[in-house]
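A.B. asks: One structure follows; several queries about it will come next.
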Amino acid sequence: MALLHSANPADQIIVALDGMAPDQALAFSVQVEGLRWVKVGLELFVQAGPEVVAQLREQDLRVFLDLKFHDIPATMAGACRRAAALGAELITVHACAGSEALNAAQSAAMEGAQSSGQPSPTLLAVTVLTSWEEQRLQRELAISQGIAPRVSALAQLSATAGIGGCVCSPWEAAALRAQHPEPFALITPGIRLKGAAVGDQARVMGPAEAMTAGATQLVIGRPITRANDPSAAFNACCRELRT
């Protein structure tokens with residue numbers, strides 16, 4: 001299903017439930033008034049199991065399942081079929097898995113959703129993780145290609161394979177949006193409010209800047225989840241997007 005840019009700031013923000021125990025994640029999701037989207041990552045999924053997706057959906061939340069599948073085509077297809085059957089509406093796969101695996105994953109996800117009566121999901125290709133810096137990418141992985149051209153190439157590979165969007169740093173959003181107009185989705189982590197700590201993200205940007213650059217939705221974790229008042233922090237992000 002095509003994921004179109006929403007004018008509602010609450011729909012533009014996906015809150016990452018990283019670092020939370022299952023009961024904390026479920027309680028937090030109820031606590032933040034106006035919350036529409038949450039991200040379930042590896043840590044929470046491994047601890048809570050697939051049922052956490054159903055539990056969050058019972059709270060009328062939409063789920064971004066960020067497990068970054070990267071395997072042979074048959075395995076990726078099976079995983080994406082199961083993920084879509086759970087009701088996850090955004091599902092991540094690694095673009096580096098290649099076109100055959102991406103094609104298989106896309107087809108299987110649609111089959112899984114349809115057979116289970118769930119919403120049609122949007123698969124998102126992971127290009128270059130926002131924790132990478134160019135020099136370290138070259139030093140540790142022997143990749144001489146710069147981050148920007150590598151992201152561009154992987155996004156093009158994904159779009160050609162029928163994937164509905166990609167995860168990218170906000171710093172790559174403008175260039176990718178110029179190459180891939182909507183409904184191709186651009187989901188950007190690495191979002192920080194002014195004055196907030198950067199943490200382990202190397203390529204960050206403010207919410208309004210990222211949306212202006214072409215992002216469809218923003219993934220925001222610690223600036224909201226670790227705030228003294230998460231609801232106030234969420235509302236502050238929404239206000240920034242309205243300006």
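Note that Cβ sites are derived from N, Cα and C of the backbone, with glycine treated the same way.
As annotated by Swiss-Prot, active site, proton donor applies to Lys68. Feature annotation from Swiss-Prot assigns substrate binding site to Asp18, Lys39, 66-75, Thr130, Arg192, Gln201, 221-222.
Surface or core, plus neighbours and distances: that's what I need for these features.
C.D. replies: Take the CB of Lys68 (active site, proton donor) and look out to 10 A: across all protein chains shown you find 17 other CB atoms. Secondary structure at Lys68 (active site, proton donor), as computed by DSSP, is strand.
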A.B. asks: Are there any residues in the same chain, six or more apart in sequence, whose C-beta is under 8 angstroms from the C-beta of Asp18 (substrate binding site), and if so which?
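C.D. replies: Long-range Cβ contacts: Lys39, Gly41, Glu43, Leu44, Gly221, Arg222, Thr225.
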A.B. asks: Cα-Cα separation of Thr130 (substrate binding site) and Lys68 (active site, proton donor), in Å?
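C.D. replies: Here the two Cα atoms lie 14 Å apart.
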A.B. asks: Helix, strand or coil at Gly221 (substrate binding site), per DSSP?
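C.D. replies: Assignment for Gly221 (substrate binding site) reads coil.
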